[in-house]
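Straight from TrEMBL, the features:
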BINDING   Glu82, Asp162, Ile164, Asp165, Asp308  Mg(2+) binding site
Amino acid sequence: MECQGADLLHVLLCCSERAARLARVCRQSTVFQDVVEGKADIVKNKTVMQDFKTVVDVMVQAMVQHYISAEYPALGGHVLGEESCQFTTVNGTCLDLGVQPTEQETAELLEQAMRGADASTAARMASVVHGPPPDVGPVAAEACRRLEGASLPLDDLAVWIDPIDCTSEYVRGAPACTDDVTGLVTSGLPAVTVLVGVFRRSSGRPVMGVVTQPFGSQNSDGTWSSAQYWGVCHGDLRLSSLPPSSPSTAPPSVVMTSRSERDDVISALRSAGLQPMAASGAGYKLLQVALGSALGFVVSLSSTFLWDTCAPDALLQAVGGSLVFKDGKTIRYDRTVADSRNSGCLLAARDEESLKRLTDALATCPDVL
């Protein structure tokens, strides 16, 4: 069984925007901190002292799984994510969070997860979950035409979801912290992303990705709107919503890194004339490379997972870029949650010349593998 690329992309865009709305609704709750608990060891990022799993994290994943599976039943058992569906309340009750048959039942389950303290927020969240599909930006006519001619084999597809990438910034809820020189956001709510990536199970390689910033821009009334980006890299087809590269513009020297990156890696990048910039969120950092706002991305600490990289990997490939290990090998996404860590130094760039600059710079760090 096959599906049209345009149809699958539309489903992913709608699911991602619905997820973004759910994230915003939950973030507005006055009792938001009441629904935060620690993550299981299997998915704990060792570089973050205090990482969190939230009700919205679990519910976003369950909702995306629900709608993708409803549209494409063949994908039902192959929608994978960071979170388990279980949430333990403060009194020790273990709940299976998921989309219930009715909006009222979903609201009651969410209210129970939030200790019954915020019925209005639970009701608003359930309204987003069960409401009509959100409006998403139109796909350009030429891209839509080419996507309609692209068929993807449903029995060979699977999906990785990161419901809320950069959970720590989401929980903290701080406004954007922007670098004075480059204008790039280094922390705050705009670094939060919803990541949905599709890959081929036979090859382990991504074919489609959607990256959504729920807090992409702030409106004059203080509310937030999404920024949404997509990419397709199926066979010879390369399409995206990203701006084309401009050869007349000198590439930036900024390299996105982790705040806990090794000192020798930072020194090596600087010695090569590059400008390391520590920022939050793997998805956000990779998005900046795909957009052309940064020359590259380096993380040597094995601190990313398949759900962090699948969607951005597709965007990078769609614009001619790449996300690879230091030895040049690509990431295979046909692995289980238990084997989901990207072990090794990862590099990303939008073109081969930039990737070579990163590789050459790290040649002085032989113990970085």
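The backbone N, Cα and C atoms fix where each Cβ goes, and this holds for glycine too.
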Determine the minimum-neighbour residue: among Glu82, Asp162, Asp165, Asp308, listed as binding-site residues, which Cβ has the fewest other Cβ atoms within 10 angstroms? Glu82
Apart from Glu82, Asp162, Ile164, Asp165, Asp308, which residues in this chain have a Cβ no more than 8 Å from the mean position of the Cβ atoms of those residues at the Mg(2+) site? Ile161, Pro163, Cys166, Thr167, Thr193, Val194, Leu195, Ala282, Gly283, Phe305, Trp307
